[in-house]
Structures are given as structure tokens and as C-alpha cells.
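Not my notes, these are from TrEMBL:
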- 16-39: transmembrane segment (TRANSMEM)
- 59-85: transmembrane segment (TRANSMEM)
- 257-279: transmembrane segment (TRANSMEM)
- 299-320: transmembrane segment (TRANSMEM)
- 381-401: transmembrane segment (TRANSMEM)
- 428-448: transmembrane segment (TRANSMEM)
Amino acid sequence: MPLVGAIISDSYLGRFYTIGIGSVICLMGMILMWLTTIIPQARPPPCDPSSDICSSATIYQFTFLCASLGLISIGAGGISSSSLAFGANQLENGDFQRKPGVKESYFSCSCCVDAVQCYFVLFGIPFYIKVKSKTSLVTGLAQVVVASYRNRHLKLSDDAHTVYHYKSGSVLVFPSKKLRFLNKTRIVKDSQKDLSPDGKATNPWSLCSVDQVEELKSLLKVIPIWSTGMIMSVNISQNSFPVLQASSMDRHITSGFTIPAASFSMFAVISIIIWIALYDRVFLPLASRVMRRPVQISTQTRMGIGIFLSFLAMVVTSFVESIRRDLASKQRYLDYPQATVQMSAMWLVPQYCLTGIAEASNVIAQNEFYFSEFPRSMSSLASTLSGIGMSMANLVASLVLNSVDTASKAGGHESWISSNINKGHYDYYYLVLAGLSLANLIYFLVCIKAYGPLREEINLADDEDEF
């Protein structure tokens, strides 16, 4: 749904109205969900405690429930696809643009703040900057693909007199040199035949504007770097196994207080908040003061740091699990997965902290990277990419899990991810994830080198040359 919402936002409605309509639809879904608890006929009757017999939901009750979930998903897709980009639009006036790191701080804060409530959108109508979409993003990208095939026989030249088609008022007059084969789609062969009197292409499926092609180039260039975030998201999605680890360890803080096994994930959340606060409010100001100039760490560097810390988190997790399993074996608990090993569950805190810092560093940098590198017309799609990557990472995580399970139990052996955590080898499983993370880090470095300088670096160099 966020992908659909991004397309609708960038191509038709604009970000403000996508958020507004999405908020209303999401509210309607929540109302329907609430009605299932209020109207007895909207849900199955309670189970009979004496016979332990439960009635199944009718087709109408099930449809009612699914309708509420569907509306919530559709509404949330519209909100999540446009919120980040819409907020960033509010920073695009002269005062904010001159402040270094303002967007970096914005994306950091967005990681800690929940979705904006519906009434904020509705009552803020007179005050918001509402950027309207003018063309269909999907149609424009499709036209570039078709035109590149039709014009594949044209020869490219570096002749300065070559005429390219561009939109009226666009700052992009000449195409970039990356992915040069796509530049064939915007060469004006005969201005009398190819262009109408108002300067528009007579056949947009054979002649595209510079803006259209640069949009497709931006998407194609970013996809390899975007894919590197998926393996890190695979590591983050390992939610059930750490709970099993914590359940089998001593979770007492005091004699009267025990941390619930599932609550250890709070250490990752706390780490995210602390890391963002220290980085944005302590490290950057202090470094700027020491260097006597504004200090900003590039988005690519922060993404790489996140991937490396994710790899380190898997190594630490494997190490801690190997110690826990050895103690379970020595204490003769191999056949008793529910038994408590004499090992403090606080050993799990470092891996949660590393995972939290890795997520904060990488995901925030991803959002900032996409938003900075994509044209303004693709801002909603840019703010949706990291979420799409996380969704696909869950599918990849299932594939990795099933592959490890099938391979490790071949020949009648106990699966590494056995339901009996003491008989399995979760330490080996985490080593597999660590190996994938290390390979992903190398792949990321290759992608970054192939990508070249960032758009902000190019603009800064141009400004220095002009000066």
C-alpha cells in the first residue's frame, strides 16, 4: 500500500491530499475495528468453557473484520508514503535551505515521532505548503523505457549543438552522462516534426524530456544501494529467537523484579533514541566546534556504518548464544528447553544495542539519501523505498530460515533452528547471518564506488567553482 500511495501522491493527488484522504480512510478502518468490539453480531460468540467448543466466524463477520484491516492498510499506505516527503517540503524555503544539516536533523527526528494524527492534517489546511503533482510518474517512466527501445539505433555524440527536449521552466537542459544510452530518448531529430508549437513532444512515447529520463536514471542508480539495506533488515527481523534466548536465561534484576523475555527489545529502542540524540545534538556540534566548520557525515558513510554494526551484532549474538548453549549442555538441560540456564540475560543487551544503533544509522541515512538523490517529483517514492525494502526483507528472512532449516537437518540431524533451543545451533544460524552481512558490506562498498559522487557533493563543487 505505501508503494501504491507513493505513485498516487507523485502522479495525481499530491502529498498533502494523499495524507489527508489516507488519514480519513485509516480512521474509518479503526471505527470498523472498534465496532467489532461493540456490536455482538459482528464477532463470533464466546467459547463454551464447559465443553471447550468455539464457534467459527461467519463469512459476514470475517468480511467485516477484513474490511476494517483493509481500510487501515490503505489509509496507512497513503500516510506513510507521503509524510516524510511532505514534512521535508516545509523545509524548502530560503531560511531552512541555508542551514547545514537541517534535513539530516529532520529525518532523525522523524524516526522517533509517530505518524501525525488526523486532526493535525485537517485543521492545518490554511497553513501547509501543498505541492501539486503535474504528470504521472509511472507513465513518464514507461515512456522513457519505450522511447529508449524505439531510439536504440540512434548514435550519441558529445556535440554541444545537439538539441535535447526539456520541459518549459526546467533547470535541467542537458542530460547527465551516467547511463548515457537513455539519452537517446530525448534527442530532437527534427524540431518541426518532433515538437508541437508550444514546445511539447508530439509523440511522448518516442521523445522524452530531460526530467523524465533523469527520474528513471535516479531510480536505476539507487536500486543497487537500496538492495543492500535488505540484508540488514533481515537481521533486524529476527524477533522470535532472541525471545527464546531470554526465556532460557536468568532475567532477574532484583529479587522481586524480572524483565519479561519479549521486553528485551526495549534496549534496541532505547539505543536508537540515545544514538540519535547524541549524534545530532552532541557529536555534530562538538565536531563542528573542533573543526571550526560545519561537520556532516555523508549519508553513504552512515549507511555503511549501520551495515557494519549489523554484521557486528550478529557476531556478538552468535558468541553469546554459544556460551549459553554450552552452559545448558553442562547443566544437563539439553532435553529441557524451558529450564533456566544460570546465565544473566543482561548478556543479550550488547546485541540489542548494536542492532538499535545499526538501524538508526542506516535507516535514517537511507531516507535522507533517497530524498536527496531523487528529483523532487519522486519525493513520495523516495520516502517509501526503505519501508518496501523492510517488507521484502521479511520474505528474504523466511527464505534464509527455511534454507538453513532444510540444509541443517539433512541426514536426520537436529535442525540448527530446532524448537528446542538447547538442542539446536542458533549460534551457527547467526554465523550464517553474519556471513551474509559481511558479504553485504562488501557489496555495499562496490555499489557506492560505482554510484559516484552524491548530488549534494556535485552541487557543492559547482558552487565552489563559481566562487
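Using the three backbone atoms N, Cα and C, a Cβ is placed for every residue, glycine included.
TrEMBL entries are annotated by machine, without manual review.
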Using a cut-off of under 8 Å between C-beta atoms, tell me which stretch among 59-85, 257-279, 299-320, 381-401, 428-448 contacts the transmembrane segment (16-39) the most.
59-85
How about the transmembrane segment (59-85) and the transmembrane segment (381-401): at least 3 CB pairs under 8 Å, pairs 6 or more apart in sequence, or not?
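In this chain the transmembrane segment (59-85) contacts the transmembrane segment (381-401) - 3 or more Cβ pairs sit under 8 Å.
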List, by number or range, the same-chain residues at least 6 past the transmembrane segment (299-320) whose CB is under 8 A from its CB atoms?
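Beyond its ends, the transmembrane segment (299-320) has Cβ neighbours at 225, 228-229, 231-232, 235-236, 242, 245, 347-348, 350-351, 354-355, 357-366, 368-369, 372, 427-428, 430-431, 433-434, 437-438, 440-441, 444-445, 448, 451, 454.
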